[in-house]
Amino acid sequence: MNDSMHDTAMTPVFPGSEDAAGQRATLGVMGGGQLGRMFVHAAQRLGYFTAVLEPDPQSPAGLVSHHHIQTDYDDPAGLAQLAQLCQAITTEFENVPAQALQTLALTRPVAPSAAVVGIAQNRIEEKAHFMACADVSGVTCAPYAVIETPAQLQAVQDERADLLPGILKTARLGYDGKGQVRVGTADELAAAWAELGGVACVMEKMLPLTAECSVLVARGWDGQVVSFAPQRNVHVDGILAVTHAYEGNMPPALATRAREAAVSIAHHLGYVGVLCVEFFVVDDGSEHGGLVVNEMAPRPHNSGHYTLDACDASQFDLQVHAMAGLPLPQPRQHSPAIMLNLLGDVWFDASGQRREPDWSPVLSLPGMHLHLYGKLQARAGRKMGHLTITGPDVENVKTVARRAAGLLGLPGLDDI
Ligand code: ATP
Ligand code: MG
């Protein structure tokens with residue numbers, strides 16, 4: 001798996017084609033969230049039929065797909081139906097049971113593979129992978145220790161004072177800052193591990209971040225790779241709030257290093273599909289700061305949504321191309337862009353009263369692209385949609401983004 005020599009050719013599934021049984025070319029996705037919805041839109045625009053496996057009858061992707069299989073992700077009958085309908089299958093969330101992808105792969109091309117999704121699902125394996133390819137990628141992760149047993153906890157308390165202050169993160173099922181506890185002392189570490197239920201964790205040193213960025217890579221069955229320039233990301237309360245996607249969003253030398261590192265991580269995994277690698281920029285006393293790899297998502301990523309409006313091929317287009325065995329064109333960004341996430345908070349006023357956001361002044365702004373995911377219930381912290389602002393130059397995009405943020409009360413733009 002870790003050797004691109006093992007890459008296998010795949011017979012392309014062309015859009016609009018029919019197989020011997022007269023079945024139209026259909027692409028499938030595990031999961032029905034907004035990433036699945038945008039995948040479905042991209043696949044349909046090319047002329048594919050689509051199938052979504054997702055238990056929620058009102059899911060963002062299920063609502064727009066030709067086929068919606070409403071079963072659990074590991075339901076044998078649902079998986080059999082998906083495999084029967086589709087010529088190639090992908091996933092839109094990393095916590096899909098790896099076993100389900102393995103089952104599908106018995107009869108259909110599945111990208112990314114169960115093996116790489118399994119690595120991305122587990123911070124311990126993920127970090128081990130990053131360290132294993134650090135020589136080639138040129139980046140390491142933050143100093144860390146694995147805590148799976150009381151003895152390991154004790155050893156970290158006794159011998160790894162260098163990790164304090166730090167963050168204890170569950171190995172599995174963390175997202176948007178969930179499953180994480182910040183700890184300042186050895187005693188707090190023990191309390192935090194108990195609070196997280198004594199599950200497998202990594203204890204990570206808290207680093208002095210000056211910025212965060214991510215890189216999207218698409219890699220085909222034949223090992224061909226294309227990538228986007230790094231995005232700079234601003235998180236608020238552990239959730240992505242703003243993505244800055246334009247030249248000069250970070251020092252060029254760091255951007256080049258991040259992009260090369262992401263590509264070599266994808267190669268080392270023998271990855272097929274779209275991969276997002278997240279990085280920290282840390283103050284290490286050097287001119288531009290140091291680069292540290294944080295985590296990866298085996299799918300398109302929130303920080304890549306700007307590619308829909310600012311690039312000639314989006315991360316979802318490339319996901320479709322990669323899984324279906326189509327050529328991967330190098331994407332070109334044609335406009336500077338800023339992406340602002342729309343969380344459910346926007347649907348509530350200061351007194352907690354539910355309201356419809358006032359879209360009219362927002363939609364009158366030039367270069368404004370509103371994306372809503374079709375979620376029926378707004379909740380605080382829930383990703384309901386996003387805005388991408390494109391424009392002729394960076395200053396223009398920043399001005400419009402500030403105006404939109406002011407109109408809707410969106411956070412994270414204080415630094416521009
Ligand atoms: P995601 O939604 O990206 O999956 P997550 O819950 O998996 O998030 P991380 O990406 O590990 O969690 O951490 C969330 C945020 O917390 C990071 O984007 C960063 O702002 C901060 N953070 C995490 N680890 C560190 C660290 N070692 N030092 C400093 N800040 C950190
Ligand atoms: Mg993250």
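Cβ atoms are placed via backbone N, Cα and C, with glycine included.
As the structure is a computational prediction, the values presented were derived from the model and not from experiment.
Of all the Cβ atoms in the protein chains shown, 21 others lie within 10 Å of the Cβ of ASN294 (ATP binding site). Here TrEMBL flags ARG123, LYS169, 174-180, 204-207, GLU212, HIS235, 294-295 as ATP binding site.
Residues or ranges marked as domain 'ATP-grasp' in TrEMBL: 131-324.
Cβ neighbour count within 10 Å across all protein chains ranks ARG123 highest among the binding-site residues ARG123, LYS178. In this structure, ARG123 (ATP binding site) is part of a helix by DSSP.
In three-state terms derived from DSSP, ASN294 (ATP binding site) belongs to an extended strand segment. Neighbour count (other Cβ atoms within 10 Å of the Cβ, all protein chains): 19 for LEU207 (ATP binding site).
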